[in-house]
Structures are given as structure tokens and as C-alpha cells.
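Colleague: Once you've had a glance at the structure underneath, I'll fire off some questions.
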Amino acid sequence: MKIDKRLMVIVAIATLFRMIPFRLKYLVGSDPYFHLAYIEEALKAGEWFNFFTYAGGPWGLQVRLFHPLGLWATPAYIYKLFSFLGISLYTAFRVTPVIFGVLTVVFFYLSLKKLYNRDVAFIVGLFLGVNYGHIFRSMANYYRGDNYMLFWYSVALLGIALGLKTRSKYRYLFYLLPGIATGFASAFWQAYYPIFVFVLAGGLLLGVYAYLKSPKLFLDSILIVLSTGLGVLIANILGDKVGYGMLGYTDWMGKKVAETFGLEFGFIKDAYLLIHVKYLLPLSLVFLGFLIITKKLNPKIKVGVLVGGSILAFIVMLVKFPALKDLSTGFGTFREVPISETLPPTLDDLWRAYNIAIFLAALYILRLRKIRSGDAILLGYVITSLWMLRYWTRFLFTAAPAVAFLSGIGVYELTRRIKENKIRITSLGVVILLSSAFSLGEVYSVKPFMNENWEKALIFIRENSNENDIVLTWWDWGHFVTYYARRSPVAQGSPNSGVAGYYLGLVDNGWAQSLGVDYVIVSLYDILKFEAIVDTAKLSRKWENISRADYGVDFLKLTESTGSILRFDSQYSTLIVKEGNIRVILSGKVVYPREAIIESNGRIKNLKYPARSGVYVYVNLDYGYAILANEKAWETNLLRLFTQRTGENYELVYSDGGFVKVFRFVHPNVVFRGNKFILTGNGTGLGLYGYLDNGTLVFKKWYSVKNMQEFELPNNLNGSVVVRYVYTQGKIVLDRGIVRVKN
């Protein structure tokens with residue numbers, strides 16, 4: 001077997017770029033920490049259990065309602081496969097994204113080699129190998145599920161390429177591969193659905209190509225479209241085994257989308273799969289049938305028929321099925337949620353992801369004079385992925401190969417017109433080096449959110465709290481709590497308006513008590529997200545009228561230190577500290593704060609002034625920063641706790657002096673130890689709800705515990721593996737949580 005040296009070069013470059021973050025001690029982002037925590041606990045338990053008690057506090061989290069099992073099983077089996085080499089699970093987990101990211105590049109290379117030629121494949125492979133938009137979610141230390149979807153699409157594309165270009169009477173069998181790939185993609189990520197659209201769009205555009213230029217390819221087009229039906233069948237079968245996607249029949253989003261489209265779950269138990277089978281697949285076949293019927297028309301008339309028919313079909317589809325207009329945005333999912341991933345990309349986002357490839361993509365126009373069947377297939381993916389990119393920054397990754405295809409093919413078309421071989425090679429080298437340099441800078445600039453400050457604080461909680469304790473922290477850090485503290489956070493993975501309201505002081509301690517909160521984390525990182533906290537609180541109708549303008553918070557860095565004089569600056573204000581005398585310069589006007597808190601060497605010094613400025617100041621001398629706030633922000637729970645102006649319900653148990661602080665929330669509490677509930681406070685009732693691992697409620701009973709200090713778990717819980725408990729005094733909830741029952 002002859003070694004493809006060009007492919008080896010691409011593999012080496014793609015691997016090198018994606019392994020750069022491996023040098024980092026911590027994982028990138030926050031989601032990977034949840035995934036790794038679950039894998040570790042599952043391997044420890046010896047089974048892929050469903051009910052995870054270290055997440056989703058105080059209720060617990062059913063992981064089968066989160067992602068399909070393949071997302072967690074893959075790194076685990078890679079670890080088991082290579083454990084004989086002495087690699088740890090942590091290492092295996094960190095390199096898994098690289099493995100599938102590089103494999104994606106490889107399969108795209110092989111596909112383009114079939115659809116075009118080895119030169120096109122090589123240039124596109126180089127562009128994709130150094131494309132930061134693709135690197136970001138396929139690099140070491142950053143484990144994300146969409147990496148698998150693009151991998152399976154690259155497999156599907158290879159199957160289509162083999163079907164189109166193989167000279168054999170059995171070539172049509174290759175069209176089983178896109179069906180298998182789309183189906184298997186469902187086992188690895190909850191939002192795998194775009195792969196169906198990519199394959200379907202490719203089949204439809206191949207049908208258009210067949211209509212205009214090569215009628216013999218109609219059968220290929222139909223088989224590609226039908227392959228997605230096989231994918232639906234496989235995805236539906238796998239769903240019963242490893243869990244459905246985010247539009248599954250047990251998920252609230254799946255129920256909502258099904259209701260919107262007037263669908264009922266039956267044999268097919270996923271809303272998107274139902275939409276695909278009931279609407280997208282039949283409509284696509286009708287469209288292809290229309291093209292086949294009119295294929296013998298005059299070529300000029302055919303163009304008019306195609307354009308007019310497409311417009312008419314699009315209008316009819318939107319009138320008859322108006323909800324389909326939201327298909328590209330996940331049916332409106334997260335439309336109002338303040339997450340950067342679900343906002344449209346900015347020009348800066350596009351430049352960071354693709355750099356010069358954005359401009360080089362325009363060169364694809366040189367290819368339009370001689371469109372071939374391979375172009376039709378690729379354009380199906382390119383058009384749909386770029387359309388998705390209009391809506392969400394998240395799709396910078398999904399569209400990365402599309403940009404690489406356009407720019408790579410465009411550069412090939414340009415350079416092949418250059419007759420001088422040295423100039424052609426030099427030009428290509430300069431372009432690739434430029435793109436590589438920009439991407440290299442972006443990869444090296446990647447920094448984890450996790451750091452030693454967080455790690456020490458969370459390990460403290462793990463070592464000094466009870467297993468059933470609940471932790472309140474901002475949702476961005478919730479997965480950190482699950483991994484390092486092995487405790488259940490109230491919010492993680494998605495915005496929580498209740499937690500935002502708590503930090504802003506819009507709810508009282510009774511709210512936290514009703515959720516069983518035992519520890520509250522406040523940090524400088526939360527204060528830096530103050531505007532996001534306000535925006536998240538506004539998601540609740542109760543607080544939709546609050547405004548960022550109501551809460552004034554400014555972060556200032558130490559910029560000058562001369563003797564006893566310290567100067568702190570931000571874009572908007574200046575703070576001068578001199579021997580306890582503090583002045584604030586706002587818009588050129590000098591004012592004095594009403595209250596100032598100075599933290600240094602673990603001590604808090606509170607200074608009050610007879611000023612009426614409405615300005616409040618926190619100064620941290622150890623870490624060299626200051627916080628400026630107006631009265632409304634100053635009196636929020638977040639700043640009251642961070643500046644240690646707490647009431648009797650909060651006890652500071654950990655502080656690093658200025659980054660992360662942990663408070664124990666003092667309230668009537670339940671501790672689960674040795675199959676016994678140890679009760680504190682004057683509670684009168686204890687409700688127990690037992691569940692099987694699949695989430696079925698099999699036990700429910702209330703007990704009177706008045707004047708009791710402990711309560712032993714009943715022996716017969718009807719096979720329950722986890723128990724949710726509620727500790728009450730009359731109708732008031734004193735504590736709440738979830739425990740795993742030990743045999």
C-alpha cells in the first residue's frame with residue numbers, strides 16, 4: 001500500500017495545532033468538567049448510571065436527558081484501549097477531541113480527493129488543518145459534542161464521494177454510508193440534527209445539477225436523500241439504547257417542538273426525526289420528482305422552471321408549515337438567553353475563526369464556470385452551514401469546513417492559472433503560512449476559566465462538607481463544582497434567573513433554603529459578569545423591568561503605586577487611595593465615597609464617610625484592584641457577601657483574600673450519613689421520593705420527625721437507587737436534596 005505523503009503532512013500539521021492546548025494544566029471552558037466528572041463516577045461505579053446526584057441540585061440530573069451515552073463512552077473506551085501504555089483517564093479525555101478532529105480532516109481530504117483531485121484535497125486539507133474555527137472545538141483540553149457531528153458528516157461525505165466516483169455496478173451501495181453516518185451521529189451529541197440537513201441539501205443540489213446538466217445522476221440524488229431516512233431509523237433505534245437528542249420525547253424542548261408542528265410521538269420518539277420523515281424527506285422527494293418530470297424541457301425554460309418552482313415551493317412550505325422557518329435556529333431555542341454562543345457572530349468573531357480564509361473564499365467564484373457534481377454536494381453543506389452561521393456564533397465551528405472548502409478550492413482555481421511552478425508553489429505557501437500564523441496566535445491565546453483559585457476553593461468544599469450538600473454559584477462555574485467539589489450545584493450549563501435574582505438580592509434567604517442550599521460561592525469573576533447577571537435575572541417575568549442602568553459597577557486595576565499613594569484606573573473612573581483617604585474621580589469630578597472597604601492580608605477594614613455621593617468602594621491591596629459601585633449594586637447579595645458584610649445566616653468558611661470566597665448558609669439542615677438522615681433544627685416532616693435509575697418514581701412517603709435528631713432510611717424502597725428528600729416545618733421547606741442509596 002502506497003503511503004499518501006500529502007495526507008501525512010496534513011495529519012501532522014492538524015495534530016500539531018490541536019495539541020498546543022495540551023500544555024495547559026486545566027481544561028478549557030466549563031462543560032468538559034461535567035463530562036469528565038460523570039465519566040469518572042461511572043467508571044468508579046462500574047456502570048453507565050443515569051441519575052447523577054452531583055449535578056442538577058437539589059433534584060439530581062438524568063444524564064440520558066442531557067446527551068446520548070456515546071459522548072461519555074468514547075473517551076472512556078479510548079482510555080481503556082490505551083491504558084496499557086500508562087495513560088490516565090484525564091489524558092485520554094484531553095486528547096479525544098484531537099483524535100476526532102484530525103480524523104474529520106482526514107475524511108474530508110479523502111472525500112475531496114475523490115470528488116476533485118489530490119491537489120484540491122491537499123490545499124483544502126491544509127486550510128482546514130490550520131483553521132482556528134475548526135481547531136477551537138477539536139483541540140486538546142476542550143471536549144465538545146459538535147466535534148462528533150462534523151466527524152460523522154465527513155464520513156457521510158466520503159460515502160457520497162465513493163458513490164459518485166467509483167466505477168462499479170455496486171457503487172450505489174456506498175450511499176448506505178451517509179445513512180449510517182447520520183444515524184450514528186445521534187449517539188454522540190444531543191444537537192446532532194444539522195447533519196441530516198447537510199446530507200439532504202447535498203442530495204437536493206445534486207438533483208438540481210442532474211436536472212441542468214446530467215440526468216443520469218437523478219438516481220444518485222434520490223438515493224442520497226433516501227439515505228437520510230435510513231439515518232432516521234438508526235437514530236431512532238439508538239435513542240432507545242443510548243438516549244435521544246435534545247428534541248427527544250422526554251425532553252421539554254422535544255415536546256414543545258412536537259406540539260408546534262402538531263406531531264405525536266409513536267414509533268419515532270424524537271421531534272426532529274418526525275419532522276424529517278413527515279415533512280423534509282417527502283418534500284425533497286416531491287421536488288426531485290418535479291425535476292424528473294420536467295427534465296426534457298428546453299434548457300433555457302428549465303432554468304426558469306427551476307427558479308420559479310423553487311420560489312413557489314419555498315413559499316408553499318412556509319405557508320403550509322410556518323414553523324419550519326425556525327429550523328436553522330433550533331426552532332427558536334435559546335433565542336432570549338444571554339449566552340455568547342447563541343448570538344450572531346461579529347466581524348471580529350469571523351476574523352478570529354477564519355482570518356484570511358474569509359476573503360479567499362470569494363475566489364470560489366472562479367469555479368462557477370465549470371460546476372461539477374462534487375460542487376453540488378459540497379454547496380449543499382456550504383449553503384446550509386453558512387446560513388446557520390448567520391444566527392449563532394456556536395456555528396463558527398460547524399461552518400469551518402465550508403470556509404475551508406470555498407477558500408481552498410478558490411485558491412486552487414487561482415494558482416492553477418499560474419504557469420510558473422515556483423510562483424504557484426510560493427504563492428500557496430505564503431497563503432498557508434499567513435493563515436497558520438493567525439491561527440497559531442489564537443490557539444496560543446486560549447486560556448482556561450479554571451485556575452488554582454477555583455481549584456483550592458472547590459477542593460476545600462469537597463473535604464469539608466457533606467456529600468448531599470448543595471452549592472449555589474453562578475451557572476458558568478457550576479460544572480467546576482461538580483468536578484472538583486463533587487457536590488451538586490443549583491445552576492450549571494445554562495442561565496438560571498433564580499440564581500441571578502439571588503445574587504441581586506431580589507429573593508430572600510427562604511428561596512435559597514427551599515432549594516437546600518448549604519454553601520454559597522461569590523467571586524471576583526461574578527462581579528466582572530455583573531451585567532450578565534442582570535440580563536439573566538430579566539429572563540424572569542418578575543424582574544423583566546430591571547435595568548443594567550440601575551446597577552452601577554466598575555472594575556479598576558492598580559496602575560500606579562508611589563509611596564503610600566495608590567492609583568486605580570478603568571475606562572470610566574479613577575480611584576486615589578492615600579493613607580485611608582479615598583477619592584474617586586468620575587467624569588473629571590472628584591467625589592468621596594460613602595463607604596469604603598479595604599481588604600489586605602486576610603483582614604477587612606471598613607471606612608465610612610459623611611459623603612452623599614452615592615458611591616461605594618471595595619479595594620483589594622493584595623491583588624491590586626478595586627470595585628466601584630452605586631448603592632443599589634452595593635446592597636446586592638453578591639457584593640454584600642464578597643465584601644463580607646453578612647448577616648447571621650452566612651458564615652465565611654473559605655477565602656483566598658480576593659478572588660473566591662465560600663460561605664456556609666446557616667439553616668436547619670439534613671446530613672445523610674450511613675443510610676441515616678441526621679436532622680438539625682425544629683423540622684416536623686420528612687418527605688422521601690425514591691426513583692429507579694431510569695427516573696421512574698417508585699416510592700413516595702412522608703414521615704413525622706418532630707423532636708427527632710436522626711431518621712433511618714426505610715429498608716423497602718421498592719428498588720430505589722436515588723432518594724430525593726424534603727425537610728419541612730409545616731409548609732415551610734427547611735432543606736432539600738438528593739442522595740444515592742448504598743446497598
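Glycine too: its Cβ is placed from the backbone N, Cα and C atoms.
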Colleague: Looking at Swiss-Prot, which one out of Asp31, Asp240, Asp251 binds Mn(2+) in the same site as Arg144, Asp146?
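Modeller: So, going by the record in Swiss-Prot, that would be Asp31.
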Colleague: When you get a sec, could you say which of 297-300, 333-336, 541-544 is annotated motif 'TIXE motif' by Swiss-Prot?
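Modeller: The range carrying the motif 'TIXE motif' annotation in Swiss-Prot is 333-336.
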Colleague: Consult Swiss-Prot and decide if Gly70 and Tyr143 are found on one and the same side of the membrane.
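Modeller: Yes, Swiss-Prot places Gly70 and Tyr143 on the same side of the membrane.
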Colleague: DSSP secondary structure for Lys529 (site 'Interacts with target acceptor peptide in protein substrate'), reduced to helix/strand/coil, please.
Modeller: coil
Colleague: What whole-number Å value do you get for the CA-CA distance of Arg144 (Mn(2+) binding site) and Arg137 (site 'Important for catalytic activity')?
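Modeller: With distance taken Cα to Cα, Arg137 (site 'Important for catalytic activity') is 6 Å from Arg144 (Mn(2+) binding site).
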Colleague: Once the DSSP letters are reduced so that anything not helix or strand counts as coil, what is Arg137 (site 'Important for catalytic activity')?
Modeller: coil
Colleague: Averaged over the topological domain 'Cytoplasmic' (1-7), what pLDDT does the prediction give?
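Modeller: Its mean pLDDT is 88.
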Colleague: Using the Cβ centroid of Asp31, Arg144, Asp146 as the reference point for the Mn(2+) site, which residues of the same chain not in that list have Cβ within 8 Å?
Modeller: Gly29, Pro32, Arg137, Tyr142, Tyr143, Gly145, Asn147, Trp189
Colleague: By a simple count, how many Cβ atoms lie within 10 Å of the Cβ of Lys529 (site 'Interacts with target acceptor peptide in protein substrate'), its own Cβ left out?
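Modeller: Result for Lys529 (site 'Interacts with target acceptor peptide in protein substrate'): 18 neighbouring Cβ atoms inside 10 Å.
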